Structures are given as C-alpha cells and as structure tokens.
C-alpha cells in the first residue's frame, strides 16, 4: 500500500520532464563555470585595454574570454534543448545550480570570499530546486509552432511584451548612462527583462526543432523564423549587458541577482503565455512558490554574506577588507562595489 502511494506521488514526473531536468542541470554546470572563465578573461583584457564596464571591447581579443563564451554557449544549447522537453516553470528555477557552481568557483579561483552562511545559501538553493522539480507541471501538448505563435499573440502576453520593451528602452537610454557604473540593478534589469522574452522564443524554437526531428517539419512556417529573429536580438542584448555587469561588479553578486530577476520574470512570462498554472491544483502552485522562495532565500544569503569573514561581524570584516592587499582589485575585496570606488576608498583611508 505504501509502495503504491510512493509510486503515485512520482507519477507526475514524465519522461519528457526527466529529459528536461537532466539537460537543465547540465546547462547550469556549464553556465556557472563560464561566469568564472569569462571573468578571468575580462580581467586580463581590462589590464591591457579598455574595460567592458566602460564601453570597451578588448575582451574580444582575449582567448580566455572566448573559452568562457564557448562554455556558456554549450550550456545555453543544453538549456535550449531542455525547454523543448519541459515547462519553463521546471527548467528556469534550476538555474540556481549555476549560482552554486559560480559561487564556489569564485571562492576558489577568484578568491571572492564565500562565508559559512553562503554555503547555507547554496543548500537552500538545492532544497528549493528539488521542491520545484518534484511538483513541476506537465509539458503542454503542442503539435505546431503556429500554436505557440497563437499563444504569443494573445492580448495578455502582447501587453507584457510591450511593457518589457518599453522598460528596456528607458533603462538603456536614461538610466544606464547615469547609473550603470554604480547600480547593479540597471545592467541586470536589462538582461532579465530581455531574457524573459528570449526564453519564450527559445521554447518556441525548441518545440519547432523537436517536432521537425520527429518528422513534422516546422521550418516552412514563417513563425519559426520570427521566433529565431527574436532570440538572436535578445541574446545579443543580454550578452552585451551581462558582460558590463560582470566587469563592473563582483561575480558572486551578479550571479544571484541576475538569477532572481531573470527567473521571476520568466515565470511570469511563462504563466501568462503558456498558462502553466491552469494545469495544476492550488497545492502544487503554492508548493512551487515555496520552493522558489526557498531559492530566493538562498541567493539572498549568498548576496548578503559576500563581505563577511568567518567569525566576524559584517561591518568589521568590511573595514578589514578595505585594508586588504588589493593587487587584484577585480575580486580580492569581495564587496559589491565598483572597482574604481574600491581603490578610491582604500587610498582615502
């Protein structure tokens, strides 16, 4: 009786969801590692040219940055495939794994301190991700990319897309010139808003490719190429402003904030466009939200404890870090300030 009940509780995890889960986890590992490799490349490029954070593109001549970029592309391809098999409500929150990978590697390679509460934050991310995986909705049955286009052109999603595009233009034109170098939310806001639209288009392309490979050619539909154009435009924009954020702010701060904003907006977009919650009961929805809040708690701990040393209060450890050796001003201070501000604070003292 107990065995039958256990089997029933896991009946909701379809084979497609499992495929999406494996691909999403693989994607997070590659993407998490790519943050660190790209950061190393940006540091090397910034030492001999104009930094990306102030509009430079010298990192394009740095091989290490390209290694990180290729690693990220591999991760994004796996992520692309995951969306073809599983709903965004399952795939997107699993990006928390990339936060863990990024934070741990930043601690080891970039010497960006990971406090004991940061480790607790990583554990919370794992617990939250597991909760979401076990209660994720089934993938919607779609037989043509035209069905996805019909969903994307419904009034509710068109209104959401219009709001996103308007907000992005305001951020780029008005806020980035004034606050881009001092407020991390400006760069990350652009990446996250554009990212929510790119995920919907990526999912549409993933479905089109899956149907094409299964024998139902979707490449003849103009909607497929329209989604392709949207993906290309969104990805180029995301990469540009993510590079600026990584070059300007602490890696282990960029990663969790980007994850929280990107995931939140993607869930909103998916619920509006694919109506994921229509196929779930209230208990499942609440459980998923609890899992997501658990992940947010983990990322909050990672963020708030980046300037803390073990056994010391945050304010004291921050003062000690100001007097630390800053021969590598890109990561050794461990606090989410502009690089120039860190150096000026040190000189003023």
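Glycine residues also receive a Cβ, built from the backbone N, Cα and C atoms like all the rest.
Note that the coordinates shown come from a computational prediction; the quantities given were computed from them, not determined experimentally.
Record features (TrEMBL):
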type	residues	note
TRANSMEM	20-37	transmembrane segment
TRANSMEM	64-85	transmembrane segment
TRANSMEM	91-110	transmembrane segment
TRANSMEM	117-137	transmembrane segment
TRANSMEM	157-177	transmembrane segment
TRANSMEM	184-208	transmembrane segment
TRANSMEM	220-241	transmembrane segment
TRANSMEM	253-273	transmembrane segment
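Taking every recorded stretch in 20-37, 91-110, 117-137, 157-177 and counting its Cβ pairs under 8 Å to the transmembrane segment (184-208), the highest total belongs to 157-177. Residues 32, 35, 87-89, 92-93, 95-96, 98-99, 102-103, 151-152, 154, 156-157, 160, 164, 184-185, 188-189, 191-193, 195-197, 199-200, 242, 245-246, 292, 295-296, 299-300, 302-303, 306, 336 of the same chain, all 6+ positions outside the transmembrane segment (253-273), place their C-beta atoms under 8 angstroms from a C-beta of that stretch.
No contact links the transmembrane segment (20-37) to the transmembrane segment (220-241), because fewer than 3 Cβ pairs that are 6 or more residues apart lie under 8 A.
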